[in-house]
Structure formats: structure tokens, C-alpha cells
Amino acid sequence: MINLILLGLPGAGKGTASESIVDKYHLAHISTGDMFREAMANETPVGLEAKSYIDKGDLVPDEVTAKLVEERLKQPDTKNGFILDGFPRTTVQAELLEGITKRLEKPLTNVIAIDVDEDVLIKRLSARYICKNCGATYNKISNPTKVEGTCDRCGGHEFFQREDDKPEVVKNRLEVNKKMNTPLRDFYEEKGILSTVNGEQTPEKVFEDIDKILSKD
């Protein structure tokens, strides 16, 4: 059984890697965002508790998020293993998760950090641009328009960049994430379950390296 967390800064490629891992190993992909939406829509007790904070614009306390994660990990689709997306974000959450996995007898088997140099991440994240006419999203590095300056979808010629994709904003976002990511890495390194892969390779090669780590266990 594989019970896994992927770590990495925004733009490191965690989403793409998660999809490949789920496809090959048939793991339950557990995203905290999806969990919140589902629990609130189904009006479960924990979902309603989370909603009371979200409706006021407050952050959902760690204990409530942890309850939601525990509820989700009890579902039958996690019997082959799971990959956690968006939790834990802090060492406090990591400790709460440790309690949950012990209670459910579903210990974490792997924590894999996808490492990408900060300058590369800034280039990746600030390369996004959007068609003014139809909203189609492109990336100068990984997904440019087929004809330069012309939208593939509507043929429009005007594009814009979102404020939060501008290099100085991206840099600040990475700094904030790094402050949370580093203690988490240290936490799992001490537990002896942290592995790292080079995220500056092609998505296929990144998955190949992750696959080697997961196949060892």
C-alpha cells in the first residue's frame, strides 16, 4: 500500500505528477479543496462546522480540517492507498495527520519533495497569459499559442497577464510558501520517509523518478 504526500512550491508540477501516480497506482486522490466543497454540499457535521468559518471569511482551524481529512480517509476508496493534496501545510497539521494515520492504521509510506530552483519557478509561473476576448489561458514556456499573437480558440489578438502572475507577486508567493514548506520537509526528513526528485526535468522524467521511489517499497 502507498500512502503518499507530495511536497513542492507552486509551479513545481505536483498536480501533473499526482495525476500520473493516481493513474498507475489507483490511489485515492484526496484534495482538501474538494473535501471542503463535498462536505459542505452534503451538509455533514464537519462540513457545516467548516462552512461556519468560511462564511465569515475566517480560516478553518487545523482541528476542523483534520476531522475532515480523517472522515475522508475512512472512505473505502482509500483501501489501496492515497495521495494527499493540500494537507498538511504546517508541522502542526503534520502532527495532527500522524495521529489520524495511527488511529486508522494507515501510516504514511512516502513523502516526496519535487525540487525546482526558485528562478525557474518564477519563469514558469509568470509565463501565463490570457486572451482578453475569450479567457483562454496560455503559457509562454509550456503551452504557447500555435500562431504567435493569435488565440487558438477565438482568433483574438489581445492578451493580458493577471496581477498575481507578475514576477514580483510570484516571488512573494514563493517566499510565503517556502516558509511553510521548509519545516515540513525537516519534519518528514526526521521521520526517515522523505525523498526528493528534480522537478526541472520533463513531466515524464519526473514521474519516472517518482515511480522508481514508489516501486522500491
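The backbone N, Cα and C atoms fix where each Cβ goes, and this holds for glycine too.
Among the ranges 31-60, 91-120, 181-210, the stretch that Swiss-Prot annotates as region 'NMP' is 31-60.
Note on proximity: among ASP58, VAL60, PHE87, CYS131, the binding-site residues of the record, the Cα nearest GLY13 (ATP binding site) is that of PHE87.
A C-beta separation below 8 Å, combined with a sequence spacing of at least six in one chain, links CYS134 (Zn(2+) binding site) to CYS151, ARG153, CYS154, GLY156. For the region 'NMP' (31-60), the residues of the chain that approach it from at least six positions outside its boundaries are 67-69, 71-72, 85-87, judged by C-beta separation under 8 angstroms. The binding-site residues near CYS131 (Zn(2+) binding site), taking a 10 angstroms Cα-Cα threshold over the set GLY11, GLY15, THR32, ASP58, ARG162, amount to none.
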